[in-house]
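First comes the structure, then the notes that go with it.
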Amino acid sequence: MTQLTMKDKIGYGLGDTACGFVWQATMFLLAYFYTDVFGLSAGIMGTLFLVSRVLDAVTDPLMGLLVDRTRTRHGQFRPFLLWGAIPFGIVCVLTFYTPDFSAQGKIIYACVTYILLTLVYTFVNVPYCAMPGVITADPKERHALQSWRFFLAAAGSLAISGIALPLVSIIGKGDEQVGYFGAMCVLGLSGVVLLYVCFFTTKERYTFEVQPGSSVAKDLKLLLGNSQWRIMCAFKMMATCSNVVRGGATLYFVKYVMDHPELATQFLLYGSLATMFGSLCSSRLLGRFDRVTAFKWIIVAYSLISLLIFVTPAEHIALIFALNILFLFVFNTTTPLQWLMASDVVDYEESRSGRRLDGLVFSTYLFSLKIGLAIGGAVVGWILAYVNYSASSSVQPVEVLTTIKILFCVVPVVLYAGMFIMLSLYKLTDARVEAISRQLIKHRAAQGEAVPDAATAASH
């Protein structure tokens, strides 16, 4: 099997640094931007997140079907990075622009730009996420590739947490509307450049012909009959929902519960560093264990850490910082494993039915992710609206403070319990995955299919 170089790993990972600008901005900044800068109410924001994300999620399987049927001189997946980079940067910037419109006009503008943002993210991210299957066929190399991917994705998070807010202050000079727009201009342009770097440095080493007799209905029916795909999608929906609830509550937690808004940049920065190194250490720390068993134990560990943060008095700032750093390091050792699940399900489906559905599996995985994103974003907005959170109040009532703590610490733990249950039903252990990989390699060799394609690999 192909041994990946550092160029392969870093080149691929930089694509998720670019995607991370949008993902992390949506997770950590957009809720605050919409309520406190743009001027939306929390209730409208929550509804916008839900409706926009559900509409967008429907396009993910359609994108997957398109990817599975795309073959160009640049390969199957890489062309979408080339075509989508510039629209990606433009829409990212427009989402954080505050127009001088009426209240109704602003709502319409927010809906249009947010939907466009999620659509262009889908156009780039679905094929990007599906690429590991044609970069390498080795499960261990895929783990290493995903570790570097999420290390560099966390660099995108670091840019948001460590650079975005200072840029807002520097560019805006007290005007947050100008500041957010200017900061996202810088980050959007950087994202375009990084997507092009990813395009030129990655290689699709394996090619698969479009399989005869395929149809949308047949492909969807196959996946619906795949128990491991169903478990994977339910798992990812809960995992994403937990991330978004916690991430969406982060700035509120620092500003109101800890009562130190000036520490927001440091809180996000240190958390991003922990995220980076947790992802990078994943294959080294967990590679020696069965991935499913290790994942379950890690869920227990970070659930306990989250509950410790909940019971820690707000005045113990250093302890909260330390626990948050520990939480994010431990949590993110499992992030590469989440995406390995999708690659494993692709191989499992091929061994089960003979159909290789990289695009459809990863797009439906992203569909689950976006449903989780929609629910999580809506939960934050609706619950804050229910307890009468007001952005104009510098001091929040005790009920609001307690609710923010619950959103940050307790609601995610409930979802972690659901993730644990899903993993208890998941059967694609290391031994099973390696056996499937060997089986597929023998079958392809016998059929003369999917051998490394030097011409395709060299096509940049």
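Cβ coordinates come from backbone N, Cα and C, glycine included.
Annotated by Swiss-Prot as transmembrane segment, the relevant range among 221-241, 263-283, 284-304 is 263-283. Per Swiss-Prot, Ser52 and Arg432 occupy the same side of the membrane [matching topological domain names]. Across the topological domain 'Periplasmic' (388-405), the DSSP tally of helix, strand and coil residues reads 8 helix, 0 strand, 10 coil. Across the topological domain 'Cytoplasmic' (52-78), DSSP helix (H, G, I), strand (E, B) and coil residues number 17 helix, 2 strand, 8 coil. Here the transmembrane segment (79-99) does not touch the transmembrane segment (406-426). Their Cβ atoms form fewer than 3 pairs under 8 Å, with each pair 6 or more residues apart. Between the transmembrane segment (309-329) and the transmembrane segment (151-171), the number of CB pairs under 8 angstroms, six or more residues apart, is fewer than three, so the stretches are not in contact. Outside the transmembrane segment (180-200), and at least 6 residues removed from its termini, the chain residues within Cβ reach (under 8 Å) are 11-12, 14-15, 17-19, 21-22, 25, 29, 33, 37, 74, 78, 81-82, 84-86, 88-90, 92-93, 95-98, 124, 128, 159-160, 163-165, 167-168, 171-172, 460.
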